[in-house]
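Look at TrEMBL and you will find 29-291 tagged as domain 'DUS-like FMN-binding'. What TrEMBL lists as FMN binding site is 31, 32, 33, 85, 184, 238, 239. Per TrEMBL, the feature active site, proton donor maps to 114.
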């Protein structure tokens, strides 16, 4: 990682806020456990993705352990603008983590949306939406301790059943200097229920900072519709990009060129086989038959996958 990171020092970090001032919908790759790593970020950036997040990193581990830093955070000079997402529950720990990544990234994001039981038990993720003063304190601390004014500090949240509480949280974060807020339009309890885009619109109308809409966006048309419904400044996509990394470039399904690009990028980055294979399983979901999936999904080596892609798709 250190080699990659040193290289980054030579490149010009970017101000992510410039994207929100461009007048265009900002197209964003979500933080995804195991998946939104450097190789995949490199791929989606080739297909009109404007801004990428790292997977969520536990700030306390990151600060404490060099091993955690090496395994969790890799970047290079083409990987910008880049937001590093942290799980944190103490202001100083978040500041320390932000200080470590500040020379190599364009901003940090505080996860206030992860609904997984382990995260909530540890005091991370979605439970923070019920602690607006703590969120405000964490944002304010990072703002005061990082002396680069272009370094963004954002939060990603879920909504409350009582939307007034969500608006209050967002306004407190805005007062503390948050750059933008990403709103996943579901409550902590909701998983596959319809997304409350009307709630995102109300939040947007209550704020003067950029708001990013997140939840169930699978195609570029969906992104445009959600932008129209919510008036959000940006659209963040997770599973839609896994299924079709070329989605933001307007492709309805993953083009073969994108599959070829993934193979090239993944091999160049030394992507572990399981990750390399899983991404291909997602990408090929819509373009393979049931029978083909049965064969492809049980392949167990990079060479077997490459032979299959060559024989069946000329990749």
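Keep in mind that glycine also has a Cβ here, set from the backbone N, Cα and C atoms.
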Using only the Cα atoms of 31, 32, 33, 85, 184, 238, 239, which the record gives as binding FMN, return the largest interatomic distance in Å, rounded to a whole number. 17
Counting Cβ atoms within 10 Å across all protein chains shown, which of the binding-site residues 184, 239 comes out on top? 184
Sequence gap of 6 or more, Cβ distance under 8 Å: name the residues on the same chain that satisfy this around residue 32 (FMN binding site), in order along the sequence. 55, 238, 242
Min neighbour Cβ count (10 Å) across recorded positions 33, 114, 238 flags 33
Cβ-Cβ under 8 Å from residue 31 (FMN binding site), same chain, 6 or more residues apart: which ones? 53, 54, 55, 56, 85, 109, 111, 156
Roughly how many Å lie between the Cα atoms of residue 184 (FMN binding site) and the residue listed as 'active site, proton donor', rounded to a whole value? 10
Alpha-carbon distance [residue 114 (active site, proton donor); residue 33 (FMN binding site)] in Å: 11
Whole-number Å distance separating the Cα atoms of residue 114 (active site, proton donor) and residue 239 (FMN binding site) is 15
